[in-house]
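Below: one structure, written as structure tokens.
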Amino acid sequence: MKLVLLGAPGCGKGTISDYLVKNYGLVHLSTGDIFRQTIDQKGPYWEELKSYISKGLLVPDELTNKILKNALDKNMDKSFILDGCIRTIAQADFLSTILDIDLALYLEVPFDVLEKRLTGRRICSKCKRIYNIHYSAPKKEDICDDDGEFLIQRKDDQKEIIDERMKVYRTNSEPLIKYYEKLNKLVAINSENLDDLEKNIDDLFINKFNLRKIA
């Protein structure tokens, strides 16, 4: 199975990716991980890639496509999830030239829920445990339950940054939903309630692909 995961920041892509890896044996491929590995291992195009990232610039589609192809070539014999790897129509067009995806899974969440998930997120400065002040708050405000260290809010989770991320998402990524819909590859799942999301995924995989959990 080759699966593209779509959805706005905070929609639950990381959560559902972990679930699919553990319960269905899929390999998780994300742009962030691929970029970090390319730079750390000094892989093909690493210097050009590092020059963009170190300046805080968006990596151009052409360079992203080259690096993504290199990663995909190593995993073509496996079932995998592409998480955040396809962000523009140009990238989707390129992907279609090297493989035929089975499913584009779109995680739908209302904007106000996304905002609460992201702005409410806090991370332990030591153990990196993740909390949310709205949904899973620590017992003591701003203090980690496990080690007593202070909780921090990532810069990316501040409202001003989130508003900008959502603007970029709507401009570049929302057209992908229509793109895969026209190809009859798109399946939308409401992920507002994360507790129901796993069951919805299980039902989809059984009904559409006759796949059951390996665990």
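Just so you know, the numbers here start at 1 and follow the chain as drawn.
The backbone N, Cα and C atoms fix where each Cβ goes, glycine too.
Positions annotated as ATP binding site by Swiss-Prot: G10, C11, G12, K13, G14, T15, R121, I130, Y131. The AMP binding site feature in Swiss-Prot is assigned to T31, R36, L57, L58, V59, Q91, R154, R165; the stated evidence is sequence analysis. As annotated by Swiss-Prot, Zn(2+) binding site applies to C124, C127, C144, D147. According to Swiss-Prot, the feature region 'NMP' maps to 30-59, an assignment based on sequence analysis. The feature region 'LID' is assigned by Swiss-Prot to 120-157, with sequence analysis given as support.
Annotated features, which come from Swiss-Prot, shown on the structure.
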residue : record              : Cβ within 10 Å
G10     : ATP binding site    : 24
G12     : ATP binding site    : 21
G14     : ATP binding site    : 15
T31     : AMP binding site    : 19
L57     : AMP binding site    : 9
V59     : AMP binding site    : 18
Q91     : AMP binding site    : 20
Y131    : ATP binding site    : 19
C144    : Zn(2+) binding site : 21
D147    : Zn(2+) binding site : 11
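Annotation note: C124 (Zn(2+) binding site) sits in a strand segment as assigned by DSSP.
When the Cα atoms are compared, R36 (AMP binding site) and G14 (ATP binding site) turn out to be 17 Å apart. The list of residues near the region 'LID' (120-157) in space but at least 6 beyond its ends in sequence, with Cβ under 8 angstroms from a Cβ of it, reads 165. In this structure, the CA atom of V59 (AMP binding site) is 21 Å away from the CA atom of G14 (ATP binding site). Using a 10 Å radius centred on the Cβ of R121 (ATP binding site) and all shown protein chains, the other Cβ atoms total 21. Proximity to C144 (Zn(2+) binding site), defined by a C-alpha to C-alpha distance within 10 angstroms, is shown by none of the binding-site residues G10, G14, L58, Q91, R154, R165. Here the binding-site residues are L58, C124, C127, and the one with the most other Cβ atoms within 10 Å of its Cβ is C124. In terms of DSSP helix, strand and coil, the region 'NMP' (30-59) has 19 helix, 1 strand, 10 coil.
Distance from the CA of G14 (ATP binding site) to the CA of R154 (AMP binding site) is 16 Å. For the recorded site, Y131 (ATP binding site), the DSSP three-state label reads strand. Other than the site residues C124, C127, C144, D147, same-chain residues with C-beta atoms no more than 8 angstroms from the centre of those residues' C-beta atoms, the Zn(2+) site, are S125, K126, K128, R129, D145, D146, G148, E149, L151. Between the alpha carbons (Cα) of R165 (AMP binding site) and G10 (ATP binding site) lies a span of roughly 11 Å. When secondary structure is read from DSSP and collapsed to three states, R165 (AMP binding site) falls in the helix class. It is R165 that, of the binding-site residues R36, R154, R165, has its Cβ surrounded by the most other Cβ atoms within 10 Å.
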